[in-house]
Amino acid sequence: MACVYIPVQNSEEEVRVVLDQLPKDASDILDILKAEQAPLDLWLIIAREYFKQGKTEQFRQILEEGSGPDIDEYYADVRYERIAILNALGAYYSYLGKIETKQREKEEHFILATQYYNKASRIDMHEPSTWVGKGQLLLAKGDIEQASSAFKIVLEGDRDNVPALLGQACVEFNRGHYSESLELYKRALLVHPNGPGVMRLGIGFCRYKLGQFEKARQAFLRVLQLNPENVEALVALAILDLQTNEAGGIRSGMEKMQRAFEIYPYCAMSLNYLANHFFFTGQHFLVEQLTETALSATNHGPTKSHSYYNLARSYHSKGDFEKAKAYYNASVKEINKPHEFVFPYYGLGQTLLHLGDLKNALLNFEKVLEVYPENCETLKVLAHIYDQLGQIEKAREFLRRATKVDPRDAQAFLDLGELLISSDTVAALDAFKTARGLLKKVGQEVPTEVLNNVGVFHFEREEYETALQAFKDALGDGIWLTLLDGKAKIEVDATASAIQYKDVQLFHQLEEAGFSLELPWNKVTPLFNLARLLEQLHNTETASTLYRLILFKYPDYADAYLRLAAIAKARNNLQMSIELVNDALKVNDKCPNALCMLGDLELKSDDWVRAKETFRAASDATDGKDSYASLCLGNWNYFAALRNEKRNPKLEATHLEKSKELYTRVLVQHTANLYAANGAGVVLAEKGHFDVSKDIFTQVQEAASGNIFVQLPDVWVNLAHVYFAQGNFALAVKMYQNCLRKFHYNTDSQILLYIARTHYEAEQWQDCKKTLLRAIHLAPSNYTLRFDAGVAMQKFAASTLQKPKRTVDEVRSTVDELENAVRVFSLLAAASNLHIHGFDEKKINTHVEYCKHLLDAAKVHREAAEREEQQIRHKQEVSRQLALADEARRMAEEQMKFQLEKRKQEDELKRMKQQEEHFERVKEQWKSSMPASRRREKSDVDDEGGHSEKRRRKGGKRRKKDKNSKSHYDADEAEAEMMDDHEELEDDMTYREPNNRGNDDGDGENTEGLLAAAGLEDSDAEDETVPLSTAERRRRALSESDDDEPLQRPMIDDFSELRVSDEEVREE
Amino acid sequence: MKLAGLSSVDNAHDDSVWATTWVPATTSRPALLLTGSLDETVKLWRADDLQLERTNTGHCLGVVSVAAHPSGVIAASASLDSFVRVFDVDTNATIATLEAPPSEVWQMQFDPRGTTLAVAGGGSASVKLWDSATWKLIATLSVPRPEGGKPTDKSSSKKFVLSVAWSSDGKRIACGSMDGTISIFDVARAKFLHHLEGHTMPVRSLVYSPTEPRVLFSASDDAHVHIYDSEGKTLIAALSGHTSWVLSVDASPDGLAVATGSSDKTVRLWDISMRAAVQTMTNHSDQVWGVAFRPPGGTGVRFGRLASVSDDKSISLYDYS
C-alpha cells in the first residue's frame, strides 16, 4: 500500500497519507499541506495521484494552490519543485487544449498553459523540462517550427533528454522527415529502453511512413505486448492488415478495429475505418452512427474529412444526392490540398454531375485530375462533361488521353468513337474497331450499336463486304439469316404486282413453318442498315424482304416504308411507291422526307398542282429549314416556268424569279449546297448569263466529282448545254458523252438526243443520225426520235445535193438516205394514224413529200452524175485513143524528121557551127536574167499562199456562223482585213444562196411550209422531254433564235462577236 | 456451273453490235453464230475460233434483231427500218422480205418446230406470226389495251411490244411491253390468255425454259430478271443484282441456268435452283445487248457455249459447264 508521509512542522511526526484513500475533498489535504508547510514534491506527488485516479478537479486544485503567490513566497528557494508544479499545470492545460474540440475553449486552454510555462521559465530559464513542456504545447498548437526550436534548446543541453528527443521526433515526423524522426525515436529508446510503448509507436509510424511495413508491424506488435489496450497500435495494425487487401487480412484488420473500438469507442480513425467497412457491407445505418461519433470525437481535419466523406458516400449510394453533396462539400472543406485526400472531390463531382451542375462538377473533377493526371475514369468523366457542355474538341482530347493511358479501355474507345462520328469518320471507325477488338479479346459481348456503327462507317466508305460482315455480327442469329440465304421461297401471285412490296404473307408462312420471327428492338437499326446495304449491292429482293420484316414487327418504322417506296420508284412502279409513302405518312403525316418523296412521285406522274402542295407541306413541316423541300419548290417553279407550250413571258419570268429566290435562300442557309448552286446556275443560264452559269457549273462539277456521296449528273448536262449554247459543239458532245457513260450506263436516250442535237447544229449529219438510231434502240416507243432521224437524213441529203462538187458515190448514198427518210416518214405517218405522238400528220406528209421531191431531184442528179461519170469515162477513153493516135503520128513524124535530118545533116554541117555559136550567146543571156526573175516569182507565190491561207481560216470561221444576219457583216467591215473578209463572206453568201434556191426549187408553193417544218422539227424533238432538273429547254431558246425568235437575236450576236474578238486576239 | 472465256473479237463490227443468235448445226456444217449491228450488216461466225464466215449487207439503219430457224438452214434479220429479211444461211440468198406497216420489228423468234416466225411488233402492240413456208402473215396477236383508258391517252405507247418468246412446246407465246407487262397467248387459238405483272419498266427480252414449258424468264430495264410460272400466273422469283437495265436473257439448254446481259457492261450467270448469280463476267466495256446459248445437236458439240455481243463492237464466246 503506497503512502506518503507529510512531516509535521517543528516535530518529528509525520502524517501518513495513504494514496489510495485520498479524501474526496482536496481541501483537506491542502489544509494539511499548507499547515505543515510540506515540501513541494509532496504536493506534486499527491496531485499526480489524484490525476492518476482521474480526479482532475482535485489535481488542478492542489497544483493551482501549489503554484499560488503564497507558495512562491514560502518556497522561494525551492525552485525545481515550483517549476515542476508549473510544468505539470502547463502540460495539463496543453492536453486539455489538445483534446478540446471547441475552438474558443481550446485557445483558452492553450493560453493558460502558455502562462504556466512562462512562469516556470521565469523561475529558471534553463530548466529543460519547461522547454520540453513548451515544445509539446507548441506542437499541440501546430507550431512545428517553434516547437522544434524549443526541443533543440533542450537537446543542446542534454542530447539524451528523452522527452525532448520524443518531441523532436514528433516534429520531424510532422515535417515529413520520417527517417530523421525514426533516428530520434531509436535514440530515445536506447536511452530509455524501458520507456512507455509510445516510443515504439513512433517507431512504428515512421516505419509505416517509410514503407517498411513489416518492421512497422513488429513495432506495433511490441507496443501491444507492452500494453494490450493500446488503441493506436491496434488501429495501426488493423490498417496494416487492411492494406494487405486480402480477405484474411481484411477480416483480422476489422477484428482489430473492433477491439480498438471496444477499448476506446472515440477513436475517430477506427470509427472511420469501421464506417468504411460497413459502407461496403451496405449497413448504412451503422455508417452514419459511427461517422457521427467520429466527427464529434475528433477535430483533426483529415480525419473529419474522412468521416464526412464516409457519410457523403453513404448518402450518395442511397441516392440522396442533396445530402451527399452537402457532406462531400463538408469533407472538401476540411481538406487543405486536394493531394491529401482526393476522393471527396470525385464524389462531389459525381453528385454535382448528377444534379446537373456541370460547371462545378467540372471544377471538382479537374482537381482530381490534378492529383491523378492519368486517371482514366476522371478523364472519361471530364470528356463526358465537356461533351455535355458542347466543347467537343476538349471532350475528344480527354478521351484521347484516356485511351492513351489505358489502351485496353473499350468504353473509352467507344465514347471517343461516338464523339468523332460527326467530325472524323475515319478516326471514329478506328476507335470503334479498337473497342470491338478489346471487347472481343476479353470475351465480352460487343454491343450491337458498336457493330452497327462500324458497319455504317464501312458502308459510307464503300467497303461493302466489311460492312456486310459488321451488320451480320451486329444482328447475330435470327430469322434474317434464313432470309439472306434466300431459302425462304415463297411464290407470289404475279397478277398482283403490288404484293412484292407489301406482302407479309411470307412471314405468316414462316411462322407457321416454325421459324421464330423475333426481332429485338435494338436489332432493328442494324437490320435496316443491312437491308440498305443489300440495296446498294443491288440485292434489292432480299432488301425488300428485310424491310418488310421490320414493318411486320414494327409497323411504325416509317423509314422502311420510304425505302420500299424508293425501291418501287427505282423500278418505276409509281403507284406502289405512292401507296408506300402514304403508309409512311400514316405513321407521321408531317414527316418531311416522306412528303418530299411524295411530291417527287407526284411530279413524276405529272400531277403538278398536287406536287406543289406536297412540297409546300414539306417545307412548312420544317419551318422552311429543310433545304431539300426548298430545292424541290425551286425546281417546281423552274419547271413551271418552262412547261407551258405557249409561253407566257410574264408567267415565265415570275416563276424563274421565284425559283431563283428559293435556290438563293437555300444557298444562304447552306453555302455548300451543290444542288442549290446548280439550280441557281440553271436560272442564270436561262436568263442568258452563260459565263456566270458556266463558272458555277464548273465549280459544282468539280465539287461533286470530289465527293463519293454525291452523284450529280445534271451539272454535267447543264455544263454541256452551256457549251452548246456558246457554240462549242465538240466540247458539248464530249461532256454529254462523259455524263452518259459515267452516270447512266449509256442508257439515257434523252442525253443521246442532246448529242444528236449538237451534231445537228454542227451539221454533222451522219453522227447525228447514228446517235439518233442509238436513241431509238434505247427508247423504241419514242417516235419523235424517228422523226428526228428522218430529218437528219433529209438534211444530209439536201446538203450533199447542194454541194457544188460531189462524187457519184456521194450522190448514191444520198439517194439511199432519202429513201430511208421517206420510209421513216411514211412509217410515221402510218403510225400516227394509230397513236398520238405529239406531231400532226400534215407535217409528216409535208416531210414525206419534200423528201420524195428531193429524192426525184436526187435521182435526176444521180443519173446526171452517172451520165457525167460515163461521159468522163467516155471522154477519157476518147482522149486515150487520141493520145494513142498522137503517139503513132508523132512516132511517124519523128521517123520522118530523122530521115530528113539525116538527109540535111551534111548540108547543114556548115551552118551548124554558126548555130552553135548563136546558142552559146543565147545561153549567156539567160544566165544573167534568170535568177532575178525567178526570185520575184517565188516571192509572189509566197505572198499569195500566206494570204489565201489566212483567208481560208477566216472563211472557215465565218461559215460556222453563217446564219448571222447582214448587220453582222457590217460590224465586221471595220475589221483590219475588211476587204478580204468581205470577199470571203460574199463567197459564202453565194454558197448559201444556191442552197436556199436548191431548197426552193420545184417546191415553190410549199417552201414556206417546209421551212416552217424545218423550224418546228427542233421543238418537236423536245416536246416530249419532261424537263429534268436540267436546262434543256434553253437549247431551244438558243438554237432556234436564228430561225424564229428575233427577240433572242441581239444576245446571240453579242456572243458571236465576243467569240470573234477572242479569236482575233489569239490570231494576233 | 461455270463460265470460262474462250475467245473474243474486238471490232467485230464497225459499230455497236445489237443482236446475236446461234444458227443450229446442219448435216454439212457445225453451228454458226449470227450477229447484227448498227453498222447495217449481219455477220456469220464460225464457233470456237470466231472466224468471220460471211458479211451480209442490205439492211438500212441498224440491225436490231436476228433469229435462226431450228433447222439451221434459214435465218432472219430485222432492222430499224422495220424490214425483216429472211435469207438462206449458206448462200445468203434472200428468201423473203417481210413488212407489216405500220408495225415495227423488234425481237423475233422461230417456233420450236420452225413453222412460224413470231415478230414483236412495237407500236402496233401486237405480235405478228409469219408462216415460214409461204412467208405470209398468218396471225396478229394483239395485246388488249387496258380498259377505260382513253384512246388518245399516252398509255397507248406503253403497250409497245418489244420482246417475244415461244414456249418450248410451241403452244404459248409470251410478249413483253414497254410498260413492263408480259402477255401470254394461246397460239393454237390465237387468243390472249392473261398478263404477267411485276415489271414496270420495258421488258426487252424474254425466254422460256427449254425444259419446263411453263417457266418464263424476263429481263427488264428495272435491273431485275423475273422467273414466272406463265400458266399459274405466279412470280416464282425476282433476281436482282444487275446495276442497270437487263437487256438480254437466255436459258441454257440444260434448263439449269440463265445468262443475262446488261447495260452495266456485265454478263451474269444465274443458278435457277439457287436463284442467285453465280458468276459475273466483266470483259465487255459497254452495254451487253445480247447473250445466246448454243443449242445442242450437231457434230462435235459436246460443250456448252455462250456468246455475248456488246455496244463496244466486240463479241465474246464462253465455255459453259
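Note that Cβ sites are derived from N, Cα and C of the backbone, with glycine treated the same way.
Under the heading compositional bias 'Basic and acidic residues', TrEMBL lists A:899-926 (among others).
Here TrEMBL flags A:972-988 as compositional bias 'Acidic residues'.
Annotated compositional bias 'Basic and acidic residues' per TrEMBL: A:989-1000 (among others), in sequence order.
Annotated compositional bias 'Basic and acidic residues' per TrEMBL: A:1056-1068 (among others), in sequence order.
Here TrEMBL flags A:899-1068 as region 'Disordered'.
Residues 83-84, 86-87, 90-91, 94-95, 97-98, 110, 113-114, 117, 120-121, 167-168, 170-171, 174-175, 187, 191 of the same chain sit 6 or more residues outside the repeat 'TPR' (A:128-161) yet have a Cβ under 8 Å from a Cβ within it. Positions annotated as repeat 'TPR' by TrEMBL: A:128-161 (among others).
If one looks beyond the repeat 'TPR' (A:162-195) by at least 6 residues along the same chain, the residues whose Cβ comes under 8 Å of a Cβ in the stretch are 128-129, 131-132, 135-136, 139, 144, 147-148, 150-152, 154-155, 202-203, 205-207, 209-210. According to TrEMBL, the repeat 'TPR' annotation covers A:162-195 (among others).
Residues 166, 169-170, 173, 178-179, 181-182, 185-186, 188-189, 236-237, 240, 243, 263 of the same chain lie 6 or more positions beyond the ends of the repeat 'TPR' (A:197-230) yet place their CB under 8 Å from a CB of it. As annotated by TrEMBL, repeat 'TPR' applies to A:197-230 (among others).
Residues annotated as repeat 'TPR' in TrEMBL: A:342-375 (among others). Across the repeat 'TPR' (A:342-375), DSSP classifies residues as 27 helix, 0 strand, 7 coil.
Long-range contacts of the repeat 'TPR' (A:376-409) within the same chain: residues 346, 349-350, 353, 358-359, 361-362, 365-366, 368-369, 415-416, 419-420, 422-423, 431, 434, 438, each at least 6 residues beyond the stretch ends and with a Cβ under 8 Å from a Cβ of the stretch. Residues annotated as repeat 'TPR' in TrEMBL: A:376-409 (among others).
The repeat 'TPR' annotation in TrEMBL covers A:713-746 (among others).
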### Query
In the repeat 'TPR' (A:162-195), how many residues does DSSP call helix, how many strand, and how many coil?
28 helix, 0 strand, 6 coil
